[in-house]
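Participant: The domain 'Deoxynucleoside kinase' annotation in TrEMBL covers 3-203. According to TrEMBL, the ATP binding site annotation covers Gly4, Asn5, Ile6, Ala7, Ser8, Gly9, Lys10, Thr11, Thr12, Arg139, Leu140, Lys141, Gln142, Arg143. Taken from TrEMBL, the feature active site, proton acceptor applies to Glu80.
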Amino acid sequence: MTKGNIASGKTTCLEYFSKTSDIEVLTEPVSKWRNVQGCNPLGLMYQDPSRWGLTLQTYVQLTMLDRHVLPMSTPVRMMERSIYSAKYIFAENLYKSGKMPEVDFAVLSEWFEWIIKNIAIPVDLIVYLQTSPQTCYERLKQRCRDEEKVIPLEYLESIHNLYEDWLIHHKSFEVPAPVLVIPADHDLKKMLHQYEENREKILMAHC
Ligand SMILES: Nc1ncnc2c1ncn2[C@@H]1O[C@H](COP(=O)(O)OP(=O)(O)O)[C@@H](O)[C@H]1O
Ligand SMILES: Nc1ccn([C@H]2C[C@H](O)[C@@H](COP(=O)(O)O)O2)c(=O)n1
């Protein structure tokens, strides 16, 4: 699984590896989060997180689970984020910042606990693209996704701190697999070089 802050370069990384045969790449279903039967839960969440946070996160949980249980069609699958980061990072951030009511967080948590107890979600390796929040802020502005124009730097700092506490400092939640940290503040050329350096570790993680 590839993890990292918003606009850290996860999709770009997965697009690079998708050129390798025998690797299946599953990017995040962001297009679904922007359009479910004509509604845009991602946009609604950024406009009014207290009202729409649960709506988005419930749908993210469903769409990530749908990806996790897809039968494998190649020896290696790389997936962007997971049901774990949805809960441990994004839902947690909404709740901790006072933007998700306690009852919403409790219901989402019960769903999550049921899922991970009853459905196998095997993970071999977590590839963590470690960036500074400032880098993500620059890349976010450059990407210019409509819904995300309201995101301040402080939001990216909160998401960053949650990732670091989880994957680096082991201070929050159980980590479901070993973590490979790739420093990701560099330009694209250097990033591609680093991906090549780590190719074996990533592709052999399931062995
Ligand atoms: N190493 C990099 N240097 C500069 N820009 C980058 C780099 N990696 C990705 N980008 C650009 O930053 C933006 C966010 O990248 P993206 O791969 O969509 O991030 P994510 O999937 O993590 O949200 C895109 O516009 C992308 O072209
Ligand atoms: N559980 C989640 C997962 C993602 N988001 C948001 C964050 C971004 O605005 C967008 C896609 O993320 P990216 O791939 O660009 O890092 O979806 C969320 O709110 N909750």
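Just so it is clear, glycine is given a Cβ too, placed from its N, Cα and C backbone atoms.
Help me see these features in their spatial surroundings.
Facilitator: The DSSP secondary structure for Lys10 (ATP binding site) is helix.
Reduced to three states, the DSSP call for Glu80 (active site, proton acceptor) is strand.
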Participant: List, in sequence order, the same-chain residues at least six positions removed whose CB sits under 8 Å from that of Ile6 (ATP binding site)?
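Facilitator: Listed in sequence order, they are Cys136, Leu140, Glu148, Ile151, Leu156, Ile159.
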Participant: When you rank Gly4, Lys10, Gln142 by Cα distance to Glu80 (active site, proton acceptor), which of the binding-site residues ends up on top as the closest?
Facilitator: Lys10
Participant: Give me the largest Cα to Cα distance among Gly4, Asn5, Ile6, Ala7, Ser8, Gly9, Lys10, Thr11, Thr12, Arg139, Leu140, Lys141, Gln142, Arg143, the residues the record lists as binding ATP, in Å as a whole number.
Facilitator: 17
